[in-house]
Amino acid sequence: MDTINYEHPPVFDVLGSKDPYILIRKLFIDYGYTRVVKLFTKICFIFHSAAFLMQIYFIIDNFTWDLLTEYGSITSIQAFLLANMFFSMVVEGDVKTILGQHFNKLWSIDSAGQKGRRIITERSKAIKRFNYVILAYFLFSFVVIWPEFGDHKELFFAKIAFEAYLGLWAKIPCAVFLLTLPVLAYGSFQLCYTLVYSILHMQIQIFLISEHISQISADYDEVDEWAKIHDLNYQETMYKRLRCCIKHHIALKRILRNILQRVKSTMITLIFLGAICFICLLSYIFNIGENASNILKMRLICLISCAQIVSCIYCAAGQLLIHETGCIHMVLMNSPWYIWNIKNRKALLIFMSNCLEPIKFSLAGITLNHELIPI
């Protein structure tokens, strides 16, 4: 049985190699916020914003309901991606603050012993394999969108706007537009994965608290229960360990509240834009019907499935957090409270009351859980 240090649990090293989700951190945080990548991202954002404004001007200048119906959905999706990219750049300071100030207070995955570390490692490997599949599918979707497989005028309105206003020079911005699409996609996914990275680490911390509680009296297993009842040293030790777990549980709630406060306005805007995109895309699909080419149908399937995958990633991460919180309550109920003194039982009741409402990621009345997963 591993001995757990309740007095001074090992602290999580943010920059260390023991991070179970180091792939997400390296790809979307460490690499994503380097000086070179930030500069290139800003240039691409400016270019795609200019292209977006040119498309809006073309729609206004040549307004017809057919034109709005045909390209309104694609334009709204582009606005959603640009908003994601913009907010990814805006929250950089908040991300660094959260990682620097709050994540240094988290427990290490070694704090609950080898068994807890093994469970966390197995879960992180499953999530890593899932991320590899998702990234491969995103790459496949980009390949399908590439113009070598068919004219992309049906899907991307920018080419029509470029040709209308730039004439022979339109080939250059069209090429730049296509070549920088991966950067636009990366910038839009960066915020999603940064948020998911935080949620996954909150889930790990909840699991570690459960492991600490389940082993709270493991080093006293050989002592008779009657002796424990009258052992003042045992009762005081249990109180200190309970207090340690309660303190960390409250700290996690504060961290999550801080994260929610920082991204609240951002997520409300993105939820609003996402709803508009969904409505516009459904309208577009119903209008084109059987007239759409096979390559356009495949491209639309790729776009819709990518959006569904991102939504499922958000919801699955939130559901994991809710599930682990429920596990804490069950572990507390199974603790040896019947041999604890009144002081320890009061601490246990306070802890249980704090766990009645699960720690969840909720914004604007919308909670990230399995019920929100789109079908």
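Cβ atoms here come from the backbone N, Cα and C positions, even for glycine.
Curation plays no part in TrEMBL annotations; they are all automatic predictions.
Feature annotation from TrEMBL assigns transmembrane segment to 39-60 (among others).
The transmembrane segment annotation in TrEMBL covers 72-91 (among others).
Through the fold, the transmembrane segment (130-149) approaches residues 23-24, 155, 178, 181-182, 185, 189, 295, 298-299, 302-303, 305-306, 309, 313 of its own chain, all at least 6 residues removed from its boundaries and within a Cβ separation under 8 Å. For 130-149 (among others), the entry in TrEMBL reads transmembrane segment.
Annotation comment: TrEMBL describes 169-196 (among others) as transmembrane segment. Through the fold, the transmembrane segment (169-196) approaches residues 24, 27-29, 32, 40-41, 44-45, 47-48, 51, 80-82, 84-85, 87-89, 91, 95, 138, 142, 145-147, 152, 156, 158-159, 162-163, 259, 263, 266, 270, 310, 313-314, 317 of its own chain, all at least 6 residues removed from its boundaries and within a Cβ separation under 8 Å.
Long-range contacts of the transmembrane segment (267-286) within the same chain: residues 69-70, 72-74, 76-77, 79-80, 83-84, 87, 191, 300, 303-304, 307, 363-364, 366, each at least 6 residues beyond the stretch ends and with a Cβ under 8 Å from a Cβ of the stretch. The transmembrane segment annotation in TrEMBL covers 267-286 (among others).
Annotation source TrEMBL lists transmembrane segment at 298-322 (among others).
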